[in-house]
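Everything below concerns the one structure shown next.
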């Protein structure tokens, strides 16, 4: 993340450990699961099934059947899940492979007991794409009498994410945590590298820009200049090539 020999970057790496790929919460018979797209998912309940139940059915939303177990065999219905699901009749678990955002829904497992009564459990599944690697744009950088005015923007396409900016060893204050970092750096709070971490519930990615004191761009990763000099440089180079 930083050039070799910068010990402070080791501390920063510890702050940027990856997030878990699965987030689960339970409220009564409603289970919330958040998973990353492309992963394999197991929908199951935390309690044992009723003894000697007669029938077990998994639904996608409230009326579309995915699979039904009855008379010691499983019937898989025509749906977008066919070929991607497998039922374990012993536990009631439903295995789904390669989930996508289109699989977001409330899944219902309904069990018909031998008494004739029904019992059901609901699992609300949210599938999120992993966040892309952000690009840091240097909006402005200016040396101001031993201080450094810095304005950076952290850009990713069309995503609802959380932003966290880090200096060498610690995050910036909460009030600075958004897609744009605008701050004046003084000698006592100067950092060599500035990292933007974008994250959602299932993934995180980082982009980093590094400076040389007092206010000069050094090595960077995922950084982009908003530079007007390109407009001048490109025609100049073309002119030289044609002469």
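Heads up, the Cβ atoms here are built off N, Cα and C, so glycines get one too.
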Next on the checklist: According to Swiss-Prot, one residue among 40, 206 carries the annotation N-linked glycosylation site; which one is it?
Outcome noted: 40
Checklist entry - Tell me, how many other CB atoms lie within 10 A of the CB of residue 189 (N-linked glycosylation site), whichever protein chain they belong to? => result 11
Item to check | Neighbour tally for residue 40 (N-linked glycosylation site), based on other Cβ positions within 10 Å of its Cβ | outcome: 11
Checklist outcome for this item: The rounded CA-CA distance in Å from residue 104 (N-linked glycosylation site) to residue 40 (N-linked glycosylation site) is 14
